[in-house]
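Just below is one structure, and these are the notes that go with it.
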Amino acid sequence: MTLHTDTIVAQATAPGRGGVGIIRVSGPKAKDVALAVIGKELKPRYAEYAPFKDENGLELDQGIALYFPNPHSFTGEDVLELQGHGGPVVMDMLIKRILKIDGIRTARPGEFSERAFLNDKMDLAQAEAIADLIDASSEEAAKSALNSLQGVFSNKINTLVESLIYLRIYVEAAIDFPEEEIDFLADGKVSGDLQGIIDNLNAVRKEANQGAIMREGMKVVIAGRPNAGKSSLLNALSGKDTAIVTDIAGTTRDVLREHIHIDGMPLHIIDTAGLREASDEVERIGIERAWDEIAQADRVLFMVDGTTTDATDPKLIWPEFLDRLPKNMGMTVIRNKADQTGEDLGICHVNDPTLIRLSAKTGEGVDALRNHLKECMGFSGNQEGGFMARRRHLEALEKAAQHLDIGQQQLEGYMAGEILAEELRIAQQHLSEITGEFTSDDLLGRIFTSFCIGK
C-alpha cells in the first residue's frame, strides 16, 4: 500500500445546484478535518448528522458526516465525506474552510481514483470503469461499465496472464534442463496449451471490441450531392427534425450532428453540406468541413437521389467522390426516394459497397439500414455479462496476440524454445498493461487526468 503524506479535498458530486452536495477528503489529516469542521471525532463507518463550522465556530451548513479509516475506504486512506446542501456557494465555502487547515490541498482530476489504484483497492481497468460508468450514455453502457468495475474484464485478463506464466515456466524448464530424456517442446503439451491461450485471448478480444463499440460508438457521415435526401435521412435515423428539409438544393450549409443508440450501440450521425462546386464562400467552407468529417468517419453513407439516375455502382454515379474518399474507408450506397421510384426496398451488394434502397421521407427501409450499421461494427447488442473496453485495451490485446502468433510460428517451424519464451514474456507484459501491473507513470497521468475532479 502507498499511503500519501498529503491530504486532498474536492467536491465529489457534480458542480451546480442540487439537493445534496458531497465533499470528499482523503489522506492522513481526514480525522483532523472532522475535528476542525464538526468539533469531534467521528465513529468509523457511521452516518452522523452535525453542523459544519468555520474556523470561528460559525455554522456554514449542516448535514451528514461519514468517516472511513484506512485501509477500509475507497482510496485505502483515511476518508471523510461531508454531505451538505448542494448549492455551489455552500460547497465552495466548505472547501475553502477545509483548505485553511495546514497540509491539505485541492485534489487533481481523478486523484481519488488514482490513490485507490496505487493502494491496490482496484486495478487500472476498474479505475477506468468508474469514469466510463459516470459517462455512460445508455443503460447497456452503464451495465457494461459496472461489470468492468466489478472486475469482469480484469478477471479475464488475470486468467490469461496466469496461463501465460504457467506456460512460460514449462517452456523455460525445457530450455534450462535439456539433458532430460523427455523433449518438452515436442510432446504436444506446449503446443496445445499455447493454442488454448490464443483461443481464449481471441474470445476476450471479441468481447473487448463489443465493449469498445459500446463506449465509443460509431461515427457515420452522410455524404452526397445536394438534395439527395441527406438531411431527411438524419431526421429519420434520429427520430426528430434535427435538420431543415426543403426542396432547395444546398439547404444544409454546415455540419449537423446527432447522437442516437441502436439497440445500445452509440451512433454519432453527421449530416454534411451537399458536395458540389461551391456557389459562394459560405458553401465552400461547408463543403470543406464535410470532407474533413468524411476523413474521420468509421463509415460513409453515400446518398444517391434515385429519381436522377438508375445507376447503383458508385464508380458510375460519381467516380470523383471515390477518388477523394480515404483509402479503406467503409462505404454504404443509399439509393433514396424509393417511394417515388417504386424500387424494391432492401439490401444487396454492388461490387464491394453494400447498396440499400429506402425512403428517408417515409422511413421505409431505414430499419434495414440500422441493422446494417450494427453488422458493420460487429455489434451483437447482447451485452449481458459484457464489459466496457477502451482503445488502449484493444491495442494491448492486439499486441499480445501478435506476439503469441510469432511464438507459435517459432515453435511449430523451428522448435525455437528461447524465442517462444521471450514472445510469451512480451505478450504477458502487454496484457498486464491493461490492469496496470506494468504501466508507465506517463500513461497513468493521462488516464487519471481525464477523470472528473472529485473522482
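In case you wondered, yes, glycine gets a Cβ from its N, Cα and C as well.
If you look up Swiss-Prot, you'll see R24, E81, K121, K455 marked as (6S)-5-formyl-5,6,7,8-tetrahydrofolate binding site, on the strength of sequence analysis. Summarising the annotation, Swiss-Prot assigns domain 'TrmE-type G' to 217-378. Annotation comment: Swiss-Prot describes N227, T246, I248, T251 as K(+) binding site. If you look up Swiss-Prot, you'll see 227-232, 246-252, 271-274, 336-339 marked as GTP binding site. For S231, T252, the entry in Swiss-Prot reads Mg(2+) binding site, with the evidence type sequence analysis.
Features as recorded by Swiss-Prot, highlighted on the structure.
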{"residue": "E81", "record": "(6S)-5-formyl-5,6,7,8-tetrahydrofolate binding site", "Cβ contacts under 8 Å, 6 or more apart": "A12, I22, I23, R24, V25, A65, L66, F68"}
{"residue": "K121", "record": "(6S)-5-formyl-5,6,7,8-tetrahydrofolate binding site", "Cβ contacts under 8 Å, 6 or more apart": "P71, F74, T75, G76"}
{"residue": "K337", "record": "GTP binding site", "Cβ contacts under 8 Å, 6 or more apart": "G229, D305, G306, T307, S359, A360, K361"}
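Secondary structure from DSSP puts K337 (GTP binding site) in coil. For the binding-site residues N227, S231, the greatest number of Cβ atoms within 10 Å around a candidate Cβ is found at S231. Most buried of the binding-site residues R24, K230, judged by other Cβ atoms within 10 Å, is K230. Per-residue pLDDT, averaged along the domain 'TrmE-type G' (217-378), amounts to 82 for this model.
The secondary structure of E81 ((6S)-5-formyl-5,6,7,8-tetrahydrofolate binding site), as reduced to three states from DSSP, is extended strand. In the three-state DSSP classification, S231 (Mg(2+) binding site) falls within a helix. DSSP assigns K121 ((6S)-5-formyl-5,6,7,8-tetrahydrofolate binding site) to coil in the three-state reduction, outside any helix or strand. According to DSSP, R24 ((6S)-5-formyl-5,6,7,8-tetrahydrofolate binding site) is assigned to a strand segment.
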